[in-house]
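All remarks here apply to the structure that follows.
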Amino acid sequence: MAPGEKIKAKIKKNLPVRGPQAPTIKDLMHWYCMNTNTHGCRRIVVSRGRLRRLLWIAFTLTAVALIIWQCALLVFSFYTVSVSIKVHFQKLDFPAVTICNINPYKYSAVSDLLTDLDSETKQALLSLYGVKESRKRREAGSMPSTLEGTPPRFFKLIPLLVFNENEKGKARDFFTGRKRKISGKIIHKASNVMHVHESKKLVGFQLCSNDTSDCATYTFSSGINAIQEWYKLHYMNIMAQVPLEKKINMSYSAEELLVTCFFDGMSCDARNFTLFHHPMYGNCYTFNNKENATILSTSMGGSEYGLQVILYINEDEYNPFLVSSTGAKVLIHQQNEYPFIEDVGMEIETAMSTSIGMHLTESFKLSEPYSQCTEDGSDVPVTNIYNAAYSLQICLYSCFQTKMVEKCGCAQYSQPLPPAANYCNYQQHPNWMYCYYQLYQAFVREELGCQSVCKQSCSFKEWTLTTSLAQWPSEASEKWLLNVLTWDQSQQINKKLNKTDLAKLLIFYKDLNQRSIMESPANSIEMLLSNFGGQLGLWMSCSVVCVIEIIEVFFIDFFSIIARRQWHKAKDWWARRQTPPSTETPSSRQGQDNPALDTDDDLPTFTSAMRLPPAPGSTVPGTPPPRYNTLRLDRAFSSQLTDTQLTNEL
């Protein structure tokens with residue numbers, strides 16, 4: 001064998017064999033871990049320290065277990081041929097139903113409090129339209145019809161004015177007949193009465209502050225609206241001074257209002273209703289309220305399985321100046337919700353059967369940062385003065401009532417009282433009407449800041465209502481039906497009933513299909529991680545293990561090396577400072593003593609294997625050895641061992 005071949009065979013014999021030709025399984029696994037694209041296996045081999053190796057072993061085994069589990073689920077799901085059928089019969093909670101008579105108090109019970117006000121109102125109607133009191137009222141002897149000898153107290157507090165379009169800036173005082181110059185703001189309010197011909201006269205009233213220097217005039221195209229608004233202001237002032245217990249007694253009891261009651265085909269009575277006193281509608285009664293032990297539910301749809309009541313309206317006890325329609329008001333709401341009957345209540349007619357079909361819709365919105373809604377109102381800086389769950393309407397009215405107490409010194413009569421506040425009245429707060437109207441105009445123009453502070457509730461229920469009417473009772477059944485109801489209510493009603501005194505109401509679910517509207521984030525954490533993983537895997541072939549490697553190298557090892565270098569520099573600086581400077585010149589270092597000599601701790605190559613260590617006790621010469629031609633081995637290993645090629649001869 002040639003000398004070159006012998007040296008080559010000897011070097012191959014001494015060098016370890018790597019790769020698929022490795023002699024042992026340990027060497028094979030070592031080669032695999034060093035050359036595979038699976039990141040975790042390589043980190044197990046190259047990591048220094050027992051703790052890091054254990055952590056990488058745990059990470060890798062966990063990833064392998066998750067892969068096996070997910071793949072097994074996918075395989076089982078693929079080969080499983082089955083279907084699932086779910087049959088669900090649901091019951092829907094029946095909502096709370098609040099019923100009020102449109103007339104808040106019996107006229108016979110409050111007539112003593114309203115005698116002077118009604119007399120002045122009659123005079124205004126007589127002067128404007130020639131309207132006189134009905135014969136029925138006169139025969140009842142309710143009150144005098146003239147104001148002879150009586151000072152016009154209410155006209156003096158809020159003067160009624162008649163405006164003529166031909167005379168700008170002037171108005172005629174309704175009581176004295178004198179013309180006066182109108183200064184300040186003139187606010188025209190729309191009328192809800194239809195006019196075929198446009199009227200050239202406007203009726204209104206003037207509100208002034210205490211010093212009468214600042215006034216506001218409100219005009220109406222219809223005198224009916226002007227007088228009703230004027231009457232309502234005085235009415236609220238009078239009723240605000242009446243104790244609550246007395247007002248409850250002056251209104252309708254549950255036994256008077258409710259003639260018959262059925263729910264889901266079973267009889268119910270006044271005990272199933274809860275009293276709720278409303279400032280503007282008197283005694284109202286709520287069916288299926290939150291104060292009940294259990295919330296009633298229904299398992300069937302249709303008119304036969306809802307709430308059926310017959311109401312006694314008693315038109316003879318209506319206040320002719322406060323309300324101009326006959327019937328009842330109904331509101332469907334949640335059990336913990338305040339019934340804003342004056343805003344969203346439905347009116348039902350007398351001598352009619354009103355059927356209301358419901359369809360439930362639940363809405364769930366996402367809170368911040370997806371929307372500006374609130375979960376329970378705790379993050380809204382407005383005190384809830386209602387004994388009910390938060391809603392946007394409650395927040396707006398609470399905000400306005402709080403501003404009313406701050407600006408005017410008293411609370412508006414139609415809303416609940418804030419803590420340590422009283423309702424407005426002339427005696428204690430003579431300026432409250434002007435203050436209230438000015439504040440309300442600012443509220444409508446969104447100048448109080450309530451609309452910007454209050455938020456919509458994130459979750460709420462609403463019922464889509466379908467209303468149908470039918471004449472009730474029919475002519476064929478009217479006689480016997482009214483006789484039976486009169487006999488049945490003889491203890492509560494001391495007169496023969498007629499159909500204009502009664503109203504029938506049916507409230508039911510059209511079907512039990514419940515619609516839910518739920519918001520969900522378009523981009524969730526899972527979606528974000530999935531998108532990141534897809535991009536990293538597509539462009540860099542990177543996985544979760546690769547991310548952990550990056551964290552280890554660039555956030556742990558990187559800063560550890562920097563800190564270690566700074567620490568060594570500090571130690572060297574401190575050592576040089578402590579050691580006195582030496583006068584001896586350092587000897588030149590050559591060979592292995594030279595710091596420029598690179599020592600490699602990696603696996604041996606042919607070049608490093610040929611670099612034999614010096615003999616013990618020998619010194620490395622400072623001059624290079626002579627060039628002997630017998631040591632030239634480039635021809636022997638020119639094709640195999642390129643590392644031994646020497647430089648060109650000098």
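Using the three backbone atoms N, Cα and C, a Cβ is placed for every residue, glycine included.
Database features (Swiss-Prot):
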{"type": "TOPO_DOM", "residues": "1-55", "note": "topological domain 'Cytoplasmic'"}
{"type": "TRANSMEM", "residues": "56-76", "note": "transmembrane segment"}
{"type": "TOPO_DOM", "residues": "77-542", "note": "topological domain 'Extracellular'"}
{"type": "DISULFID", "residues": "C100-C284", "note": "disulfide bond"}
{"type": "REGION", "residues": "135-222", "note": "region 'Gating release of inhibition by proteolysis (GRIP)'"}
{"type": "DISULFID", "residues": "C208-C215", "note": "disulfide bond"}
{"type": "CARBOHYD", "residues": "N210", "note": "N-linked glycosylation site"}
{"type": "DISULFID", "residues": "C261-C268", "note": "disulfide bond"}
{"type": "CARBOHYD", "residues": "N272", "note": "N-linked glycosylation site"}
{"type": "DISULFID", "residues": "C373-C458", "note": "disulfide bond"}
{"type": "DISULFID", "residues": "C395-C454", "note": "disulfide bond"}
{"type": "DISULFID", "residues": "C399-C450", "note": "disulfide bond"}
{"type": "DISULFID", "residues": "C408-C435", "note": "disulfide bond"}
{"type": "DISULFID", "residues": "C410-C424", "note": "disulfide bond"}
{"type": "CARBOHYD", "residues": "N498", "note": "N-linked glycosylation site"}
{"type": "TRANSMEM", "residues": "543-563", "note": "transmembrane segment"}
{"type": "TOPO_DOM", "residues": "564-650", "note": "topological domain 'Cytoplasmic'"}
{"type": "REGION", "residues": "577-628", "note": "region 'Disordered'"}
{"type": "COMPBIAS", "residues": "579-593", "note": "compositional bias 'Polar residues'"}
{"type": "MOTIF", "residues": "624-628", "note": "motif 'PY motif'"}
{"type": "MOTIF", "residues": "624-628", "note": "motif 'PY motif'"}
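Sequence features annotated in Swiss-Prot and their locations in the structure.
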residue	record	Cβ contacts under 8 Å, 6 or more apart
C208	disulfide bond	D214, C215, A216, Y434
C261	disulfide bond	S267, C268, D269, A270, N272, L307, Q308, V309
C373	disulfide bond	K365, L366, S367, K455, Q456, S457, C458
C395	disulfide bond	G377, V380, V382, N384, C450, V453, C454, K455
C408	disulfide bond	C424, H429, N431, W432, C435, Y436, L439
C410	disulfide bond	M404, A421, N422, Y423, C424, N425, Q428, H429, W432
Check your understanding: Considering the glycosylation sites N272, N498, which residue's Cβ sits among the greatest number of other Cβ atoms within 10 Å?
Key -> N272
Review point. Given the disulfide-bonded residues C215, C268, C284, C399, C458, which one is most crowded in terms of C-beta atoms within 10 angstroms?
Key: C284
Study note, to complete from the structure: Comparing local Cβ density (other Cβ atoms within 10 Å) for the disulfide-bonded residues C100, C424, C454 points to C100
Revision key, fill the gap. C100 (disulfide bond), DSSP three-state class -> strand
**Study point:** Spatial separation of C100 (disulfide bond) from N498 (N-linked glycosylation site) - C-alpha basis, Å
**Key:** 20
Study note, to complete from the structure: Using a 10 Å radius on the Cβ of C435 (disulfide bond), the other Cβ atoms enclosed count 19
Check your understanding: Reported as an integer number of Å, what is the Cα distance between C284 (disulfide bond) and C399 (disulfide bond)?
Key -> 25
Check your understanding: Does DSSP put C408 (disulfide bond) in a helix, in a strand, or in coil?
Key -> helix
Point to revise | Number of other Cβ atoms within 10 Å of the Cβ of C450 (disulfide bond) across all protein chains | key: 19
Practice item. Fill in the CA-CA distance, C399 (disulfide bond) to C100 (disulfide bond), as an integer in Å. Key: 26
Check your understanding: Once the DSSP letters are reduced so that anything not helix or strand counts as coil, what is C399 (disulfide bond)?
Key -> helix
Study note, to complete from the structure: What DSSP gives for C208 (disulfide bond), in three states, is strand
